[in-house]
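According to TrEMBL:
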- 1-141: domain 'F5/8 type C' (DOMAIN)
- 147-294: domain 'Laminin G' (DOMAIN)
- 300-478: domain 'Laminin G' (DOMAIN)
- 480-517: domain 'EGF-like' (DOMAIN)
- 516-559: domain 'Fibrinogen C-terminal' (DOMAIN)
- 714-1030: domain 'Laminin G' (DOMAIN)
Amino acid sequence: MALNTSELPDEGIQSSVSLDKHAGSNFEVRAGGWSPLSSDRYQWLEVDLGGRTRITAVATQGRYGSSDWQTAYLLMFSDAGHNWKQYRQEGSIGAFAGNSNADSVVQHKLQHQVIARYVRLIPLNWNPNGRIGLRLETYGCPYNSDVLSFNGQSSLIYRLTPRPRQMSSESISLKFKTLKNSGILLHAEGQNGHSLTLELEKGKLQLLIRKGTNLSRYLVTLGSLLDDQHWHHVAVEHHSNHLKLTVDKSTEWVLGTNLYSDMIIFYTHFSLFIYFPVSSSLFHLSQGNVTFSCSEPVFVAMTFTGPQSFLRLPRIDQSSLGISVGLQFRTWNKAGLLLTFELPNREGRVWLYLSKARAHLQIHKSGRAPLELNAGSALNDGQWHSVDLISGGGRLTITVDDDEGASAHASPSFLITTGGHIFFGGCPAEENSQECLNPFKAFQGCMRLLTVDNRPVDLIKVQQRLIGNYSHLQIDMCGIIDRCSPSHCEHGGSCSQSWSTFHCNCSGTGYSGATCHSSIYEQSCEAYKHKGNISGYYYIDVDSSGPIKPQLLYCNMTDLTRVQPSPEVNTHVVHFEYASDEEQLAAIISLSEHCEQEIAYHCRKSRLLTSPEGSPLSWWVGGPGVGQMHTHWGGAPPGSQQCACSLQNNCVDSRYHCNCDADSNEWTNDSGLLTHKETLPVRSLVLGDIQRPGSESTYKVGPLRCHGDKNVWNAAFFDKETSYLHFPTLHGELSADISFLFKTTSSSGVFLENLGIKDFIRIELNSSNEVLFSFDVGNGPLEVSVKAGSPLNDNRWHRIQAERNVKEASLRLDELPAVTQEAPADGHIHLQLNSQLFIEVSASFKSETSVTYAFKEQMVNELNRSSSSTENVSLSFRTSQSPALLLYVSSYHREYFAVLLNKLEVRYRLDSSKDAEILRSKVKNLADRQLHVITISRLADVVSMQVTHVQTKIITILTVHFIKHHSLCACPFSIDSEGLDPDLAQIASLGFTGCLSAVLFNSISPLKAALLHPKTSPVTVTGPLIQSICGFTSANLSHATETTHHLSGKRSGSVGTGQPLVNAIRSDSALIGGTVAATCFNVALPLSSIMRQKLCTKPTGIM
């Protein structure tokens, strides 16, 4: 439901200051809207919804009939009208996109719903030719629940109804908020002394399980900064022998835990409030002061956001022979100015600041030696700390956290006071300001409970500029966030942070990079051999950036990779153990081209496999996991119950399939290699004919030997200019690394590309000596390039390693140093792709060429059901022609969509009775013979267009949807041009000369259909359609047939004409000109247990 702000009483809408009292509007054409007297970032509009509300979306308009609108804003929520909390998308992004005119409505659905009573909007940017102007709508529904209030010495007991049998699933859920950072939140007791406790420790929630009377352990810690006096959701779910703990949006599973609870105690050693989803009449016993209401103290905090932040307060009591100043602060930074002031008559200065996470006091007075004191430690832990400076009676004291043990004292011979101003956090930016000097770093963090001369400072009056002055402060909120919760450091890397970023310490993990994502070891002995290493012990990381730990193995560069077993011998049953753990062992076997293990049996009067009755006498167990029983011997196929001599027809007795089965009095043997990887390694051996008189036997099981790397020499040769490979969508939302070998004779081209609606990732040979890695996760395209000192199109092998994570992107070429590019601070972090990963399809056009794709009736119906109000269009092109028509889509009703190259235009006509809407990009010239990518998406009346390196977002007022699709035409359109706009028809008549690739309209790929399936697809081609690659210049284009190869089948054997030659090395090349070897995509997903996707190919000829 929509909460119409225009229907709220006047007192329900407040603002910093306004020209027009009425800010609400249901977006009808009417006068109104809020516009403050001054347009700056300290203005805000606040709405009281009258009660706690589950808020799901917000929408904004500009002020009616004006040039006043905001283009970006922050959204804040509160329960009590104080202590605001900023809504953040993806955990860190705070800004919302606003309006582009005064009339259109821009709605944002919240990624996670918010429960609050008050909503505050703070404009960040606005129309430069106007001022801030706003009409606001919120969407949601009332939220009701019982509330409990604890004072720190109270508890409440709830007894569960006895149940006849144990439940397979149980759960406890609640919401809480508190100002205290430590205390017991919930305690549950069960049978046999079992208990469960949820305890808050330094703002983090710990789950404690106790089994019996003595054994207890913390199983998991989750959440952070939970003492912020905002509501947090907690749930404990018990499924069989597993526990699931959820705190807000984070979840952890605890395995192997049984808990039989018969009562729950809300037992608190600290003050908090709880919303619990049951009636208050169900609680059976309370102790201390428990109330069913929520009355909380108001602590007004302020956030120092950056180097320009400061607060200046006047000294009220100037007659005092001394001074006292106190405050509480929380920060992640080790250094920063807390406060400073001048001594009387400008005879000196006082600084109280943080350095190395300790509180330091430094006093400089003319003609005197500097006075320095320090106290406290580890004050950058994100917790609230208090610091007090007291001077009087010839004594000077600084105290940290009200602890006498964290105090420092001095007895200066001069008076320490001030008759001027006290500055907190930093100094004004004016260069001529001599009243405030800061030789230290500015403070970034939160402060509250400021006192001057034992009088509290009213920060609300400061916000209203009734007291003092400030800049770049966020008042009545603490904007601290924990960038290490959850941690983005992988593979056990430790996370530390400052106010604006985080750092991963990868020491001792075997991984490197900004998030400890990339392994510092090779994946196989073959990879070390390819680098020129000699035989020896090496750490092997079989899954690269995946979860399997590196292991130390011996690499024989002339022979095999060896894993030594450690046998434990019994009389007739032998078990084998391996130094590698199970996961590593399975990965080695899977990765290797060939594995083998020798097995031998020497016998005299001791049969091996077959008894006279035909049943097996001996067998061995092998394979993954616990293994399976096998009755064949070395050199024979699985399931045959034979030995090698039977296949070679040289057994000592032709009646038997093994030498030992002849039961001879002479020594003989059956030996051979087990080579079927699915049966390896050998895990145990059972010898059954060793008890008869005269029986003698010996056995040998050799080490598991594996060699070769399916990734390194698994190659595909691109022998046509339009050959390509495609894989499933790359799922690397938070981190992904891509590595491959290539060789080529071409000077440019795209190695790989994966597209989303707006996001993309691409690696290309930008020139003969430059590799370019580019992607967009919603912050605009980010590029990393590496230039080589010599040409890369030298038909020699070159290695590319690219990595993207939430902190940075890196690109490495061969042995050159890696080049990195930091990601934007507090930007989007999730890479969202939806197309296949192409490695690529394109074609060159001449002026008389066109491709028309006719939508079938069934397809039209499906498109209209699924996307009648949406289109997602993308294409790549290279041309020197302008103007030109790149893409045209029309319906039976003369509605159309067109993409023109005339400074790049997108035209929509969704109502045949109206003129087309024209969306123009700010890009000046795209007809520059360079490769460009256009991505266009429409959702209802909002159109977003992204062009290579420039992103323009244009919002229209259209309300009619694209009802029926008729045809999709790659320029020029080949249908009757009657009824078209004259200038559009004229541009279309010019044709298009250049290259088009990766053309996609929703789920339709017309160019691919024309090139790959011209006879079976509903396409019409006129004129010469030359298959090509847009990575080439026109001089490189040649007539060829496009080919494709799916990696869903076998990777070896013969292939058809035009397909990449797999597992074949070729010296000539086309497409991007050479061979790409070992193309590996290793992806770490944001799950509690890391999942990964690995796709590996190794082409011969290009990629």
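Even glycines carry a Cβ here, placed using N, Cα and C.
With a cut-off of 8 Å between Cβ atoms, the residues of this chain six or more beyond the domain 'EGF-like' (480-517) that come close are 88, 91-92, 204, 223-225, 228, 250, 303, 330-334, 382, 444-446, 539, 541, 545, 547, 549-550, 734-735, 737, 803, 805-808, 810, 820, 825, 1084, 1086, 1090. In terms of DSSP helix, strand and coil, the domain 'Fibrinogen C-terminal' (516-559) has 6 helix, 13 strand, 25 coil. Per DSSP, the domain 'F5/8 type C' (1-141) is made up of 6 helix, 70 strand, 65 coil. If you take every residue in the domain 'F5/8 type C' (1-141) and average the pLDDT, you get 82.
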